[in-house]
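Engineer: Structure incoming, see below.
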């Protein structure tokens, strides 16, 4: 438990004896009692307590809206535009990668449909005993309506007794509407503070500006284009009240960037993972986790988090070393923090009763050139020898300047964190760990068609299977040209999750991708012979580099075996 870790590892000033701890708890209880007096005029009779009427009222009441208002109850809006209006909408998408033209026409106070498990409504909270939170929202050149809708959503769904403040951190925006106009608007709202960076900091350091100024016991980080579901805050704070070393994420519901439809789901949420490119991925909850749950609304352990929305004890955040300040833009920082939470004694969880809608932009609205360096820092500090699996699939990452990680490694040693093998074995056993045997991974190059390699680039990142494997000029950058020949005689395309294996369907001669199986089917087995011949076990035919008939490109096909160099293949780890 983290409590033991604090006594064993924290500085002397934080080591308290049993008497001091009891005194501290007594003071906390007295503080809660005084707050109860000042807010309600009555004194609770003492434990066991039940929530008092009215104690969960939000900071601001939500104003009534017409039932037919645009986007009411999270409904999709599809405007029929033409001429100048259509041009303005397209311009807003180009600038923000979100349909801001539509967002500006949807109320800042719209209600969302109920998208949580009905059991969540039955949960009772002891509001006087829950910690108060500071909600930190960093932004850079955000559109007016999406930013203000986020702020109002927090104020109109968060119990007043639980919300210490909302801290908006302006990361050196240069848009006119985010200057005096924003300051004037926010000055009229209760519990809202605006902090402005004096230079462009990037998401990580901007969030740290907010965290350092926060007065709440819990830090709740949100992105700047969110809408909070009713009852989103209480489950996060309740869980941290129960276990201070738990970092808790809400269920992230999608808000469509174009129609602003709220696509929440009351069913089982997904959890976070990653692939060996160190790209965050979503996954279904594994059976082992389901078996440990007593109720469908129990917290769900997650190997990683998306990173934009989570709550953490401020004290525990500081103990863990907060964010890695060597990181700037978003990307990679979420995996680094996820690894650190787990390896250093905490838990990372998703709470099914906490839902927050998030507008996922069409694509990133600004450059994230330093995201690769973030991933390299995460690999260097936390992944031990497994970082080589990342570098094999991202050769360019070896050349990426990533700064000094000496202090982060000292932090890992100070906190006596576990190794990455423990993380893979204990936290994420579902992730396949590649073998990467020398001479059997990298670019699979053809000997006859010189300079051409197997290449697979599915059009949909979320559906890796079902498309033909092709041949393109070797580029040496891994990714879509990285393959591994395993001891199970598979040719794995394992840069992404879920992993895919080259397959030949019965009666056909084209090589396509299908999901790898626990037991290797015959149509996924290939024999790589010493002379480089690649034989498909089921058909007994050889893989040959062949010109495609329709588009003059090249692709591998099954052909009767010959002595042709076009049927000989070899792995090459990097471009010479």
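Including glycine, each Cβ sits where the backbone N, Cα and C put it.
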Engineer: Have a look at 38-58, 59-79 and point to the one annotated region 'Disordered' in Swiss-Prot.
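Structural biologist: Of the candidate stretches, Swiss-Prot labels 38-58 as region 'Disordered'.
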Engineer: Identify the transmembrane segment range according to Swiss-Prot, selecting from 20-37, 92-109.
Structural biologist: 20-37
Engineer: Which of 358, 392, 432 does Swiss-Prot put in the same Mn(2+) site as 223, 225?
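Structural biologist: Between 358, 392, 432, Swiss-Prot records just one in the Mn(2+) site with 223, 225, namely 358.
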Engineer: Could you pull the average pLDDT for the region 'Catalytic subdomain B' (299-361)?
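Structural biologist: So the average pLDDT across the region 'Catalytic subdomain B' (299-361) works out to 96.
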Engineer: What is the number of residues in the region 'Catalytic subdomain B' (299-361) that are helix, strand and coil, as DSSP sees it?
Structural biologist: 17 helix, 20 strand, 26 coil
Engineer: Looking at Cβ-Cβ distances, which residues of the chain lie under 8 angstroms from residue 171 (substrate binding site) while being 6 or more apart from it?
Structural biologist: 138, 139, 140, 197, 200, 201, 202, 203, 206
Engineer: Under 8 Å between C-beta atoms and at least six apart in sequence, can you list the same-chain neighbours of residue 344 (disulfide bond), or say none if there are none?
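Structural biologist: Residues satisfying the criterion: 320, 412, 415, 416, 417, 418.
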Engineer: What's the CA to CA span in angstrom from residue 474 (disulfide bond) over to residue 330 (substrate binding site)?
Structural biologist: 30
Engineer: As a test of the contact definition, list every same-chain residue at least 6 positions from residue 516 (disulfide bond) whose Cβ is closer than 8 Å to its Cβ.
Structural biologist: 432, 490, 492, 498, 499, 500, 501, 524
Engineer: Measuring Cα to Cα, how many Å separate residue 561 (disulfide bond) from residue 453 (disulfide bond)?
Structural biologist: 20
Engineer: Under 8 Å between C-beta atoms and at least six apart in sequence, can you list the same-chain neighbours of residue 542 (disulfide bond), or say none if there are none?
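Structural biologist: Counting only residues 6 or more apart in sequence, the Cβ neighbours of residue 542 (disulfide bond) under 8 Å are 533, 534, 535, 536, 558, 559, 560, 561, 562, 567.
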